[in-house]
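According to TrEMBL:
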type	residues	note
TRANSMEM	6-29	transmembrane segment
TRANSMEM	58-79	transmembrane segment
TRANSMEM	85-104	transmembrane segment
Amino acid sequence: MKELNEIFIVAWIVFGLYMLVFFAAMADLCSGIRKAKLRGEVRSSYGFKRTVDKLARYYNLLIALTVVDCMQMAGIWYLDIFYGYHIPIFPVVTMIGAIGLGIIEVKSIFEKAEDKVRSDYQQVLMLAGEIAKHRTDPEEIAKAVVDYINKGSGK
């Protein structure tokens, strides 16, 4: 019965870590919406789609880390049952990953809106430089513009 209780407790801890990462991403989304309002930008589905993509990447990582934790916890369980080593069963790897993702989200929340605008201006200047380099070749100009658009849309 003790082992079953430990498994339930670990499952709740993992669920809690997953939910905390979700709440951090939602806080970042709210922060991004607020910053977009301050800059006078139109809020479109593109930003929301990026948040969904980010959550999918985060949860892919968390699931992989949880699998690693299951392996280490199975090893700890084996040592406890057969050799008497009493090491607590805890999802350490998942927790470290969740803390890392939380730190990324906190950093994103505290980024200044002006820094994002500055980054956007730098990208436009790089595109203008590419166009100026190839001003006599329309195909190269078109290629530079398409590359810029694809880079911006995450393709």
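Glycine is no exception: its Cβ is also placed from the backbone N, Cα and C atoms.
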Within-chain partners of the transmembrane segment (58-79) [C-beta distance under 8 Å, separation at least 6 from its ends]: 3, 10, 14, 17-18, 21, 25, 85, 87-94, 96-98, 101
Chain residues in Cβ proximity to the transmembrane segment (6-29) (below 8 Å; excluding those fewer than six residues from its ends, i.e. six or more beyond): 47-48, 51, 54-55, 58-59, 62, 66, 69, 73, 89-91, 94-95, 98, 101-102, 105-106, 108-109
